[in-house]
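Student: Below are the features I grabbed from Swiss-Prot:
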type: BINDING; residues: Asp152, His154, Asp167; note: Mg(2+) binding site
Amino acid sequence: MKNLVVFGTESHPKLTESICEHLCLDIGRVELSKFSNGETSVRIKQSVRGCDVYIVSPASGQVNDHLMELLIMISACKTASAKKVTAVLPVFPYSRQPDQKFSFSGAPLSDLQDAVVPCKKQTGYHPWIAQSGTLVADLLMCSGADHIITMDLHDPQFQGFFDIPVDNLFGRPLLKHYISLNIPNYHNAVIVSPDAGGAKRATAIADALGLDFALIHKNRRHEYGTSLMLVGDVQNKVAILIDDLIDTAYTLVRAAEFVKEHGASKIYALVTHCVLSGDAIERVKLSCIDKLIVTNTAPQTITPSGCFDIIDVAPTFAEAIRRIHNGESISILYDHNQVWV
């Protein structure tokens, strides 16, 4: 394809290479290094004048270093007269951090006694959570990015932080496709969301496959702390847990144990973004999850085996890049019945 260049940071070279293979392109030549004091150095080793440039950089590993590489590469390409620069962020950096005031209080009071509200001593200082999501959006735009491509944002409202187009691709078609081809007797399965936040994602897959849906609800007003409640029936059925991200694996393992207690015969977990930090891999192996299926939006230390499987997202991102470069619609990428392999 004419005037199309794809670069990659050091965050996920294999994904960049795979995307370029599907596009029948060579990876753009760039030299990434660090000075002795740790500062990042970027040298674009080919002309990008008048080109449509895409830079692949998922948030993984040394997130801050890779984010800095991305920002400098975007700026370097714009300085070198690139026609357009698109940041391809399969895993969006800092998308898990909320932009809201920190609160010690938790749920609001349900009733008052004697019209007296007990108050803790006020120090005059109210801690705040930094607005990291807004900051990263501003950094990307200030560096010169014209377009953002990502997948399964942890909070879709992040799209509103940008003044440039943002295409939030869905991992649902890939997960649906995997379920229909690789899970035996999936027609007797129940799609389960481990929390209320992922209900919309899970119900979309359940509706596309014509399956029942269940939800694990956390009741934080329980007098003894947080309690779990299952909304739906998994008795003697295959439970398929759907989530957007797995990191420490505590949430997913706890959800798997909960549906097992409620009679699930077998448990699969399908997750878009897989980080698996610390001893998460061992935690999953020792859990009642029969198989964990993830995508390669981030580099994976696990290998496909009896306990794990990996879905390749490179064809999806390659097709998105091809369509955007050619000025075609990408709406077909949101169709649950369309999958690129």
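First residue shown is number 1, and so on along the chain.
Placement of Cβ uses the backbone N, Cα and C atoms for every residue, glycine included.
Walk me through the surroundings of each of these features.
Tutor: Sequence-distant neighbours of Asp167 (Mg(2+) binding site): residues of the same chain at least 6 apart with a C-beta under 8 Å from its C-beta are His147, Ile148, Ile149, Thr150, Ala320, Ile324, Ile330.
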Student: Look up His154 (Mg(2+) binding site) in the DSSP assignment and reduce it to helix, strand or coil.
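Tutor: In three-state terms, His154 (Mg(2+) binding site) counts as coil.
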Student: Starting from each candidate's C-beta and looking 10 angstroms out, tell me which of the binding-site residues Asp152, His154 has the most other C-beta atoms.
Tutor: Asp152
